[in-house]
Every structure is written in C-alpha cells, then in structure tokens.
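Student: So that we are looking at the same thing, I have put the structure below in structure tokens.
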C-alpha cells in the first residue's frame, strides 16, 4: 500500500509542466469526454484530482516514511547479456548513508510501537488458543513456509527485490527525482520494444504505430487499432496501462529537463518542444491524445486500488512507523484522509468487469496477465541508466501492487493481520508514489497551462504502504519491484 500511495503521489504531484503555445493546447483539447471501457470522463477526473487528491498526496510523500525507498539497483539483466552501464552523470543515483535513514525504517528492533506490539501479541495469543495442534516437526514447518512463500509469489503481479540483500540500499526519492538524464537512443528503445513487442499480447505481424525499430510499412496505425479493439477487454486494458505508464514517464522527462548548465548551476525546467514531440496530435500522427487518455485510465486503476485498500489501514494495529511517534500519528491520519477521499470518487473503475465469465477461462487469462506484467517488472533490471532503473522499478512495483489489490483471489477485508502485512510490504510504498506521480501528470493549472505528474506519486505511496515498514508486521515477506527512460516514438 505504501507503494500505491508513493506511486499515486508521484503521478499526481511531482512536476508542473507549463505548456504554453498552440501545440500544447492541441494536445489537451483532444483529451475530453468519456474514457474507453469506463463510465468516467476526463473532466471529472481533472476536477477531483486537482481539488481533492493532489494537496494531500503531495504533503504525504514529503514525509520520511514515503521519501525513503529500499531498492537493489545491481541485479543483472535476466533477458540478455549486456555489461554496459550508462556513463552519463545524471544517470547516477546517490544512496543514503546509514545515519540519514530513520531508525524505525531500517532496524527491525524499531518496527513496532508499544501499542502495536501489544495489539499483535493479543492477536497471537488468540490464535494459539484456537490452534488444534501447535506441535509441528521441522520438516513440516519448512514445508509450510515454502508453501506460503509459493502462495504469496503466485499471487503477485510483479517481481520484488530482496530487501535483506547486501546489495539493497535506501534511496531518498526527494534527492533523486525522476527527470531527464540523457539516456536515450537504441538502448532505451530496446527496453520499450521488449515491453511492447513481447509483453503486450501483440503478434509480431501487427505493427505498432511510430515504432522506430520497425521498417516503415506505410501503415498509419489503423491496422494496430483494429487489432487492439478486437482483443478481449482485459488484454486491451493491459496495453492501455503500459501506454499510460509510458506517457507518465515522458511527461516527467519533459517537465524536468536540463535546459542549461554551466560551472555554477544547472537549470531544470519545462521543455515544451519535448512535450509536443510526444503528445501533439499533429506531430504524432494522432497518437499523442491516445497516450494521454491512457494516462487517465491508469489513474483510475490506481485510484480504485487506494479506495479498496482502505479497510486494512483503518485497523488500529496498522502504523506508519519511523520511530518519530508524533509524526507517525500525523502521517497515518493524513493517509486515512487521503484514502477516504479516494473512496469518495463518484465514478470508480469497476474491476469486476474484468476476468468475468467462464471461471476456467478467466483464471487462465488472469494468470497470463499476471505473468506478463511480472516479465515487464523484470525488464527494469535491464535498464542501464540507474536513475531510470530506480524509477522504473518503483513504478512497475506500484502498478503491480494496484493490480494485486484489485484482482487478488484473497479479499482484503477477510485477511488476518499477518497476511495483511504481506500485502502492505514494499509494494504499498510504490503504489503511493505511482499514484502521486500520476496525479502530478494530471494536475494541470487551467487544464492546459500546467501539467503535473500524478500517477507516479500514487505509485510511490502504494509501494511504501506495502513495504516492510508496517508496524504490525510480525512475519512479513518482502515485496518490491516500477519505468522511466527515453521514449519510443
């Protein structure tokens, strides 16, 4: 859930993008009305995001609980052999020193407040009293642990880092913002091409519009969209989520662009031409508005996940624990306010419309959906730019967490405390950041003048909230895994 909040926060609040000029107006004038496969319209989302969600999310993500993210940036690429690394200085990530991270986040001895520990002990006593037979052999206990581990992994939508690995380090997201790094060209295209061509249910015979790695077939994209509309709603939704995630990344790159550099300072700001190149209807042969509409679709998914997870966070045993009691209490209060606001949205995405019908076919489709998104999360370890890899892992983890919340076989409300903790581990933070960034993307002053990245911030919050930082967690399994790099036209 932390991940959800982090990501939602990052999507929602990270950057203001001033897009003056006729081309920018054209970009947004085309993004109106009802979204495909949804009962919601763009205007309702804009109003709700800018007025109700954005201010709370922005404040929440600046807190210590959400700004520190533990990640392993040294995993090898599982799909191809490539030992090259980005040599650009803006690709570097500065990890935190041990004394910069609050003790409550990094030390297991600080994970539980006195109240939460007492509540957890009472729950454990009740469980023991109700147990039929508490004596298990070592072999049986090991088998049960392996079974539970397999069960947890089979329920995930993304791959997660091992937080206990010596390679995992805390990163301050505020000091390592997502922005343009100079990472582009063939290597960045290779990442996105692998995602779109091999992990979006698309046959190679169907050409994706504006793909720089494909030969020019003269297709104006109509063939691709005929194929897309012929898909089942679940696979169509999958493509739109990936496209929306890609759009959010490119909005960030355009919003935080290195405009000038000298011996004394670096000037970061909005690069209007970069934004237009990616989203203007004329410059993208009609693709730009579609990308922006997919960003709104992604926002609805993240928002619905935050609303659905509310019952868990209302439990008295749940704490956002950093060791700073007053601040922790304030953060939990603010988080609950945010989740209640999310729940109040009048036109939520109806997740029950997906994976419906024949149960056997629906289960097979969901498993394909899950495995394909897991693959995409693994591709993040192939990104050579470490700054891009950081934000890629965070955002895929945030979206993966949102999907788990919406489509897991286990109902959130029915989970006992310990199982709940496993959902709330690393994934929670990512989702929150993801939502935050997405919301920033959508937070536009006067609708056209300023574009803010909102989806990523929500993802960050979701990831963080599901991270191993929840106070009540006595037997928590590690979960972590989200994209940000050069755009494939």
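Glycine too: its Cβ is placed from the backbone N, Cα and C atoms.
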Student: By the record in Swiss-Prot, which of 133, 375 is the one labelled N-linked glycosylation site?
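Tutor: In Swiss-Prot, 375 carries the N-linked glycosylation site label; others show none in the record.
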Student: Which of these, 236, 278, does Swiss-Prot say binds FAD at the same site as 179, 181, 192, 243, 246, 291?
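Tutor: Of 236, 278, 278 joins 179, 181, 192, 243, 246, 291 in the FAD site that Swiss-Prot records.
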Student: Looking at the disulfide-bonded residues 38, 200, 382, 388, which has the shortest Cα distance to residue 179 (FAD binding site)?
Tutor: 388
Student: How many whole Å apart are the CA atoms of residue 77 (disulfide bond) and residue 192 (FAD binding site)?
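Tutor: So the alpha carbons of residue 77 (disulfide bond) and residue 192 (FAD binding site) sit roughly 14 Å from each other.
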Student: Compute the C-alpha separation of residue 385 (disulfide bond) from residue 38 (disulfide bond), stating it in Å without decimals.
Tutor: 36
Student: Going by Cα-Cα distance, which of the disulfide-bonded residues (200, 232, 388) sits nearest to residue 181 (FAD binding site)?
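Tutor: For residue 181 (FAD binding site), the spatially nearest of the disulfide-bonded residues is 388.
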Student: For residue 271 (N-linked glycosylation site), which of the recorded positions 38, 192, 200 has the nearest Cα in space?
Tutor: 192
Student: Of 200, 388, which of the disulfide-bonded residues has the most Cβ neighbours inside 10 Å?
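Tutor: Highest number of other Cβ atoms within 10 Å: 388.
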Student: When the Cα-Cα distance from residue 388 (disulfide bond) is computed for each of the recorded positions 40, 86, 232, 243, 375, which gives the smallest value?
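Tutor: The answer is 86.
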Student: In the three-state scheme derived from DSSP, which category covers residue 232 (disulfide bond)?
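Tutor: DSSP call for residue 232 (disulfide bond): coil, neither helix nor strand.
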